[in-house]
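*Asks:* Mind having a look at this structure? Questions to follow.
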Amino acid sequence: MTFRHCVAVDLGASSGRVMLARYDSKHRTLTLREIHRFVNCLQKTDGFDTWDIDSLEKDIRLGLKKVCNEGILIDSIGIDTWGVDYVLLDKQGQRVGLPVSYRDNRTTGIMPQALVQIGKSEIYRRSGIQFLPFNTIYQLRALTKQQPELTAQVAHALLMPDYFSYRLTGEMNWEYTNATTTQLVNINTDDWDDTLLAWTGAKKSWFGRPSHPGNVIGDWICPQGNRIPVVAVASHDTASAVIASPLANKHSAYLSSGTWSLMGFESKKPYTTDEALAANITNEGGAEGRYRVLKNIMGLWLLQRVLKERRITDLPVLIAQTEALPACRFLINPNDDRFINPDDMRAEIQAACRETDQPVPVSDAELARCIFDSLALLYADILHELANLRGEKFTQLHIVGGGCQNALLNQLCANACGIRVMAGPVEASTLGNIGIQLMTLDELNNVDDFRQVVSANYDLTTYIPNPDSEIARHVAQFQPKRQTKELCA
């Protein structure tokens, strides 16, 4: 067969898309077409920040039906989403309550309990995963302690992409790359860790053994009656994005830039040393047994909230205004946990500047400048941390995802990090999702083979660092931990 048609369902924390890929195996050309885009946002339910899971499923099905109604024969479907959140099911496979978002405050104070009762080094030794207060391990503990009546109804817990695959196929699956984000998977066995799971109060019977990307979960029956395989892709969206990052060699780092920024490198081994623990480095699962050694950064969430609060719709105009302002007048630590979900992001940023005796950003452009400069400096700090961890400097940084369209931030990143930046592709998560599907269909050999396809089909933009830039001069002065409460604290 010359042509393959694969559908990627790519769900982010603010929007979702159903994308159709067309792959020409003879010429190795790959094109994407957006079929359906929809909003994903939090809602308040019984005092919790929850996801409208039924609306998301409705939009997924609508997108799939749109493809089928075009008369296109779909070869496979794959689903990727954000990590850590989950859906609870009862014995009949029916949903128990609505899934609570990781941005809900129910986990406040939970992580410190684990550090005392299990021990920080012991948790890290078992999981290799960074300490974030909203990790699934702490969400489950909050669930079982705060909602025992709801907990008593639970027979299964599925992570978000696995839930949607289940709804399409009727088959349950626990995909490995996303499972590792829970901080509940043992890094040595690739299975759920009994000690960590027991601490949450959840039952091990709620979960099946994690499966690696590339297996067929089951079939979705389209309106025309065709059975279409649903593939377990690298279902954590960052895992998919990394697959599509055209990393040149072992000296290339990546930055998946979106609501969250995730900076790291690929490795065949995990890093679980005391130094890695001190730096709060995570070792998330990747395709083909690779590890994604990385750190989470709050990312463009801060800007997204400011845009929403200020009702700004013309981002290019705002960026142009921002670029005209002097650099580094207002600096914050984007990873301060005060920015996870404040009532007023603008006021929170202003308060952080005021508390550190800096000028206070007032205009929208000043707020954006504060965010961009602070992110770029934090990127530089973390890239240096990662280089020290592995004992080798990086020579190139690949920025992928929606944030790679921000030319100003890309250049600031290059200047601060002092290395060449390659930006693109934008649709990295979708492409990585498609890549695993094509491998499962025996159209491609492996991840490296797929990256060659990506490089041949998608143009990258190069940013050369300017060592004389204002932000480059601020790198040594930047103290990202000067605010009081880091995400991992």
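Quick reminder: no glycine exception, Cβ is built from N, Cα and C everywhere.
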*Asks:* Which one, ASN173, ASN296, ASN333, is listed by Swiss-Prot in the same substrate site as GLY83, HIS236, ASP237, THR238?
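*Replies:* Checking ASN173, ASN296, ASN333 against Swiss-Prot: the substrate site match is ASN296.
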*Asks:* Among THR259, THR356, THR461, which residue does Swiss-Prot name as a further ATP binder in the site formed by ALA13, SER14, SER15, GLY16, ARG17, GLN304, GLY402?
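*Replies:* According to Swiss-Prot, the candidate sharing the ATP site with ALA13, SER14, SER15, GLY16, ARG17, GLN304, GLY402 is THR259.
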*Asks:* Of CYS6, CYS41, CYS222, which cysteine does Swiss-Prot list as the disulfide partner of CYS68?
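*Replies:* Checking Swiss-Prot, the candidate bonded to CYS68 through a disulfide is CYS222.
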*Asks:* Given the binding-site residues GLY16, GLY83, GLY402, which one has the fewest other C-beta atoms within 10 angstroms of its C-beta?
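*Replies:* It is GLY402 that, of the binding-site residues GLY16, GLY83, GLY402, has the fewest other Cβ atoms within 10 Å.
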*Asks:* Taking the Cβ of ARG17 (ATP binding site) as reference, which residues of that chain separated by at least 6 in sequence fall under 8 Å from it?
*Replies:* ALA8, VAL9, ASP10, GLU34, ILE35, HIS36, ARG37, PHE38, GLY63, THR430
*Asks:* Given the binding-site residues THR238, ASN296, GLN304, which one is most crowded in terms of C-beta atoms within 10 angstroms?
*Replies:* THR238
*Asks:* Around the recorded substrate site, report the further residues of that chain (criterion: Cβ within 8 Å of the mean position of the Cβ atoms of GLY83, HIS236, ASP237, THR238, ASN296; site residues excluded), sequence-ordered.
*Replies:* TRP82, ASN178, THR181, ALA239, SER256, TRP260, LEU262, GLU284
*Asks:* Round to a whole number and give the Cα-to-Cα distance in Å for the pair THR259 (ATP binding site) and CYS413 (disulfide bond).
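*Replies:* On Cα coordinates alone, these residues lie 17 Å apart.
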